[in-house]
Amino acid sequence: MNQSLLAPFGTAIERVEAGLEALRQGQGVLVVDDEDRENEGDLIFAAESLTNAQMAMLIRECSGIVCLCLPDEKVKALELPPMVENNSSQYGTAFTVSIEAKVGVTTGVSAADRVTTIKTAIADNAKPSDLARPGHVYPLRAQPGGVLTRRGHTEGTIDLMQLAGLKPAGVLCEVTNPDGTMARLPEIIAFGAEHNMPVLTIEDIVIYRKSLLANVG
C-alpha cells in the first residue's frame, strides 16, 4: 500500500533523488519504513546543517525523542557504549548512552542546546571527553551496510546522507499526530505537503542502492 499511496510522488528512484536534493539544500525529508515493521514515519535532517528552528520542529511535531544517527566507526571513536548490554527491543534499535555537550549548553534540553550537542558530537575532531553522559540527545548506531543490512530508519538516514554527499550523520524523530498517536503514511503525506518536504520509504532507498550496485556491476 505504501508504494501505491506514494505513486503521485514519482518512482522509488525519483523519490530518493528528491530527498537527496532536499538534504543538500539543508531541508528535511520524511521517511516511512515497511508496513510490517514499525510502519512509522520519521522526520530527518542532515546533522551538519541542522538549525535551531529545525530542532524546535522535531521537538514540537514529533515524539520528542530526538536521535542522532551515527555510523559504527563514529560511535567507536566517541567511545559510546550501548544503552543496555542485552538489547531486547523489538527491532534491535541500537541506542547508545545519551549525550550532552560539555561546553556551550545550560540544561541541555532546549533546541539550541541539543543542536550544540549534535554539532559537538559530529565534529571531525570530536573526542569522547567533549561529551557528558547521560544527556538529552540519543545517539543511534547504524549497522555497517546500511539498509541492505538492516531496514531501519537509522540505516536509512546514514545511507541518505552518504548518497547526498554529506557528512554521515543525521537527526531523526518519529512524527506524531496532534493527539499523540503515531502518524501513518496518509498523515505523513499531509505533513510533507504542509511543510514542503519530500516523502520516501526505506524500500525506496533499498531499490535506489540496488540500482546503483547493478549499474556498477
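Placed from the backbone N, Cα and C atoms, the Cβ positions cover glycine too.
Under the three-state DSSP scheme, R151 (D-ribulose 5-phosphate binding site) falls in the coil class. Cβ neighbours within 10 Å of R151 (D-ribulose 5-phosphate binding site), excluding its own Cβ and spanning all shown chains: 18. The D-ribulose 5-phosphate binding site feature in Swiss-Prot is assigned to R37, E38, D42, R150, R151, G152, H153, T154, E174.
What Swiss-Prot lists as Mg(2+) 2 binding site is E38, H153.
The Mg(2+) 1 binding site annotation in Swiss-Prot covers E38 and rests on sequence analysis.
Here the Cβ of H136 (site 'Essential for catalytic activity') has 18 other Cβ atoms within 10 Å, regardless of which shown protein chain they belong to. Summarising the annotation, Swiss-Prot assigns site 'Essential for catalytic activity' to H136 (among others) and lists sequence analysis as the type of evidence.
The annotation site 'Essential for catalytic activity' is assigned in Swiss-Prot to E174 (among others). Taken residue by residue with DSSP, E174 (D-ribulose 5-phosphate binding site) is part of a strand. Sequence-distant contacts of E174 (D-ribulose 5-phosphate binding site), defined as residues of its own chain at least six apart whose C-beta falls under 8 angstroms from its C-beta, comprise E40, G41, D42, C62, S63, I65, M182, A183.
The separation of H136 (site 'Essential for catalytic activity') from H153 (D-ribulose 5-phosphate binding site), Cα to Cα, is 20 Å.
Each residue contributes its Cα atom, and for R151 (D-ribulose 5-phosphate binding site) and H136 (site 'Essential for catalytic activity') those atoms are 26 Å apart.
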